[in-house]
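J.: Residues or ranges marked as NADP(+) binding site in TrEMBL: Ser149, Lys169, Thr225, Val258, Pro259, Ser291, Arg292, Lys301, Gly330, Leu331, Glu369. The annotation domain 'FAD-binding FR-type' is assigned in TrEMBL to 88-210.
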Amino acid sequence: MATALNAAVSLTSSKSSSLPATSCAIAPERIRFGKGGFSYKSNNVATSRRVVSVRAEVTTDTPPAVKKVEKESKKNEEGVITNKYRPKEPYTGKVLLNTKITADDAPGETWHMVFSHQGEIPYREGQSVGVIADGIDKNGKPHKVRLYSIASSALGDLGNSETVSLCVKRLVYTNDAGEVVKGVCSNFLCDLKPGSDVKLTGPVGKEMLMPKDPNATVIMLATGTGIAPFRSFLWKMFFEKHDDYKASECSSWLFLGVPTTSSLLYTEAHTHFNSSSAKAPENFRVDYAISREETNDKGEKMYIQTRMAQYAPELWELLKKDNTFVYMCGLKGMEKGIDDIMVSLAANDGIDWFDYKKQLKKAEQWNVEVY
């Protein structure tokens with residue numbers, strides 16, 4: 001802010017002699033403001049002999065308004081729709097398919113389900129939808145909406161943009177009182193039969209949207225059903241035709257952590273991605289971490305961060321590039337394990353990992369959706 005200060009100064013002599021009024025420029029820093037106005041300090045004026053009166057006029061030039069420049073997102077979010085359907089007015093879709101995709105001896109059941117939405121829920125890869133289970137809760141109110149990551153590309157499993165798919169694990173556990181507790185929404189979904197109605201909301205979210213840059217390197221970190229958004233990513237990258245996304249130009253690397261081999265999800269798709277049926281199989285890598293069956297050289301269980309540690313230097317070099325995007329989906333505890341292996345790698349380059357991760361998040365290159 002520019003400040004112009006003009007002052008008229010008159011000096012009154014103690015000998016009653018008058019002097020002409022004098023106009024001068026006074027530097028603002030030489031004026032001290034107080035409760036009774038302000039005073040001017042000068043080394044050249046003997047204030048014991050003369051009374052100094054200052055009449056000042058201050059004008060302030062207001063700077064022109066600065067036009068706010070909106071940050072352009074690095075993600076493919078142009079035209080993205082959110083919350084078209086809300087809990088009070090959900091969309092009623094129909095179940096087309098519901099099938100278990102884990103083996104019978106797996107610790108827990110996971111199901112793949114396809115719902116028809118007739119093109120009324122125009123979602124993007126990386127978004128979620130909400131589900132409202134039928135019935136009422138213990139207070140006699142409708143069940144609350146539960147969000148699930150979408151497991152199909154925007155075109156859907158049928159390729160007509162009229163279906164949405166989910167990957168859901170049936171939640172069953174024993175509480176401290178020894179009672180078997182079933183998750184309301186997950187069991188509702190896993191028990192649905194083809195032809196059944198299901199109340200859907202959304203689509204929701206922009207955090208996990210795919211990068212806009214078709215040449216980007218996409219690193220996907222998933223545990224269990226956290227693979228859902230990455231199934232949608234990979235389908236778009238390698239099996240569908242898109243003018244803005246060519247498999248020969250993009251590169252993807254999936255890390256999937258599960259407890260047992262029988263818990264691996266969508267492995268047939270991963271096999272296809274590495275086969276001649278995919279458009280660019282050389283651009284896709286996948287590494288599994290099977291915690292109850294595998295160990296590393298130190299005898300430690302093979303969690304996702306343990307597997308990643310085997311490629312740590314390569315991953316770190318990728319993370320230093322401005323067109324590498326990391327997406328993490330699954331159990332909340334996985335992020336700490338990944339932080340642990342990155343701290344020392346960053347330190348080798350004199351970088352504080354947590355500060356660097358903040359920069360990656362700000363640049364939309366570190367994206368997390370955990371539960």
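Including glycine, each Cβ sits where the backbone N, Cα and C put it.
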J.: For the domain 'FAD-binding FR-type' (88-210), what's the mean pLDDT in this predicted model?
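T.: Across the residues of the domain 'FAD-binding FR-type' (88-210) the model's pLDDT averages 96 on the 0 to 100 scale.
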J.: Given the binding-site residues Pro259, Gly330, which one has the fewest other C-beta atoms within 10 angstroms of its C-beta?
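T.: Pro259, out of the binding-site residues Pro259, Gly330, has the fewest neighbouring Cβ atoms within 10 Å.
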J.: By DSSP, what is the split of the domain 'FAD-binding FR-type' (88-210) into helix, strand and coil residues?
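T.: The breakdown for the domain 'FAD-binding FR-type' (88-210) reads 7 helix, 51 strand, 65 coil.
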J.: If one looks at the chain holding Thr225 (NADP(+) binding site), which residues at least 6 apart in sequence have a CB under 8 angstroms from its CB?
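T.: Same-chain residues close to Thr225 (NADP(+) binding site) (Cβ under 8 Å, separated by 6 or more) are Thr110, Ser149, Cys167, Val168, Lys169, Leu265, Gly330.
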J.: Based on the record's binding annotation for NADP(+) (Ser149, Lys169, Thr225, Val258, Pro259, Ser291, Arg292, Lys301, Gly330, Leu331, Glu369), what whole-number value in Å is the widest Cα to Cα distance?
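T.: Maximum Cα-Cα distance: 27 Å.
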J.: What's the number of neighbouring CB atoms sitting within 10 A of the CB on Ser149 (NADP(+) binding site)?
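T.: Result for Ser149 (NADP(+) binding site): 27 neighbouring Cβ atoms inside 10 Å.
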J.: Count the other Cβ atoms sitting within 10 Å of the Cβ of Glu369 (NADP(+) binding site), across every protein chain shown.
T.: 18
J.: Tell me which residues of the chain lie with their Cβ under 8 angstroms from that of Arg292 (NADP(+) binding site), as long as they are six or more apart in sequence?
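T.: In sequence order, the residues whose Cβ lies under 8 Å from that of Arg292 (NADP(+) binding site) (at least 6 apart) are Pro259, Thr260, Lys301.
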